[in-house]
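Report on the following structure.
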């Protein structure tokens, strides 16, 4: 199952990381929540195949280590989400539908 496209309304903001919001629940290392508001990445769905990082023309994502997470031990973190040009390349290439993009 991919990211909940309504997470911005359905989940509570539980923190901030590298300038973007984190939506819970968060219980490390097994549950890491959704990172980002403009470009949201469900860290609990992401398998870190790198397709979004390679597809993004404006370098929205950066690798973030998540040791002990069952899906993968690194994630594509949307640390530069404000640079997003809404081309949807990342959404289209993600094999597990872990990304949701919504203009502010």
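Even glycines carry a Cβ here, placed using N, Cα and C.
Small disclaimer: the values here were computed from a predicted structure and weren't measured.
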Figure out which of 77, 100 sits with 17, 20, 35 in the Zn(2+) site per Swiss-Prot.
77
Can you tell me the CA-to-CA distance separating residue 94 ([3Fe-4S] cluster binding site) and residue 77 (Zn(2+) binding site), as a whole number of Å?
14
CA pair residue 84 ([4Fe-4S] cluster binding site) / residue 17 (Zn(2+) binding site), Å rounded to integer, equals 17
Excluding 46, 52, 94 themselves, the [3Fe-4S] cluster site's Cβ centre has within 8 Å the residues 41, 47, 48, 49, 51, 76, 90, 93, 95, 96, 98, 99
Is it possible to get the count of other C-beta atoms within 10 angstroms of the C-beta of residue 94 ([3Fe-4S] cluster binding site)?
23
Within 8 Å of the centroid of the Cβ atoms of 17, 20, 35, 77, which other residues of that chain place their own Cβ, given that this set defines the recorded Zn(2+) site?
18, 19, 21, 22, 36, 41, 64, 78, 79
